Amino acid sequence: MAFPCRRSLTAKTLACLLVGVSFLALQQWFLQAPRSPREERSPQEETPEGPTDAPAADEPPSELVPGPPCVANASANATADFEQLPARIQDFLRYRHCRHFPLLWDAPAKCAGGRGVFLLLAVKSAPEHYERRELIRRTWGQERSYGGRPVRRLFLLGTPGPEDEARAERLAELVALEAREHGDVLQWAFADTFLNLTLKHLHLLDWLAARCPHARFLLSGDDDVFVHTANVVRFLQAQPPGRHLFSGQLMEGSVPIRDSWSKYFVPPQLFPGSAYPVYCSGGGFLLSGPTARALRAAARHTPLFPIDDAYMGMCLERAGLAPSGHEGIRPFGVQLPGAQQSSFDPCMYRELLLVHRFAPYEMLLMWKALHSPALSCDRGHRVS
């Protein structure tokens, strides 16, 4: 760098030289000042274990390319007795054809690494459920290996409703902070509502095909379930590799709810049948990689349905596959053998795989209790 100094050693020259030396010393101090770990880390030092967040890539894989902008299908208004249907069902019918939405937050390196992913925990959450996600990260959703079998975690989110714009902006900032810090958020540009849970399943299947095609198994669950992760891994280890698996709490002979006030309401216009195909309760179920691929193929030819777990049963039926039951998966809680035992007794949960439903503080307490060296259970502690 040049300084405006003459060559003769006048007073001005000396002053100029002193200014220059001071500037160089200050510059050197800044270069040597300690930086935060995030600043010092080079891209080569990032690992799949750490945050792998990113907004959706500019050029995503073909499986993640969104469809054309979603426009209401006016012909849905011709549905029989359309005006008598609840507004939410009317909207579902108008936008039922929209199946591919933009990915707002991606986790492109979630399944990177040579060892592959043995179990991917895919948790359906809502933007405002920050506390639930944090407790899952600290407890059963820890990204670690069980006996050399890597377990990874993802949260599946839509966007908050437009009713309160200021609240929606704050939640968007919250999700962005989480995604950058943890790299475990997938968020799509559709409203996070009960009727759109099916879209989370479909978009997850597309994401798996693009980003994690070699994952051995998948656990799909709500963000208020408790999972005994070691038990899940132990069960999956015993499964033949590369085979069909779709296991949970079987729902056989389940009938559509015709009461319009119920959130599970399904009118005959959407499902004229008297009973759904056999499916597993959506609170939590397990499936294999091959089954996920078969479901994705079947879903292309299966019209969207507002009850997500029943929709999975429809896709299984179309694929020629059947779900199986597992007594360790309890989406409706545990049935106690006697009134003397508390439903929060950790001995009641030590052999289970998944239980619904838990508050965040209960999740932490149960996790600590089950992993306490002082836990002692006798044979009388069983669930039915």
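Backbone N, Cα and C define each Cβ position, glycine as well.
Among the features that Swiss-Prot reports, N-linked glycosylation site is placed at Asn73, Asn77, Asn196. Under the heading region 'Disordered', Swiss-Prot lists 34-68. What Swiss-Prot records for 1-12 is topological domain 'Cytoplasmic'. Per Swiss-Prot, topological domain 'Lumenal' is recorded for 32-384, and the stated evidence type is sequence analysis. Annotated transmembrane segment per Swiss-Prot: 13-31, in sequence order.
Shown on the structure are the features that Swiss-Prot records.
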residue : record                      : Cβ contacts under 8 Å, 6 or more apart
Asn73   : N-linked glycosylation site : Leu93, Arg94, Tyr95, Arg96, His97
Asn77   : N-linked glycosylation site : Arg94
Asn196  : N-linked glycosylation site : Gly158, Phe190
On average, residues of the topological domain 'Cytoplasmic' (1-12) score a pLDDT of 39
DSSP, reduced to three states, assigns Asn73 (N-linked glycosylation site) to coil
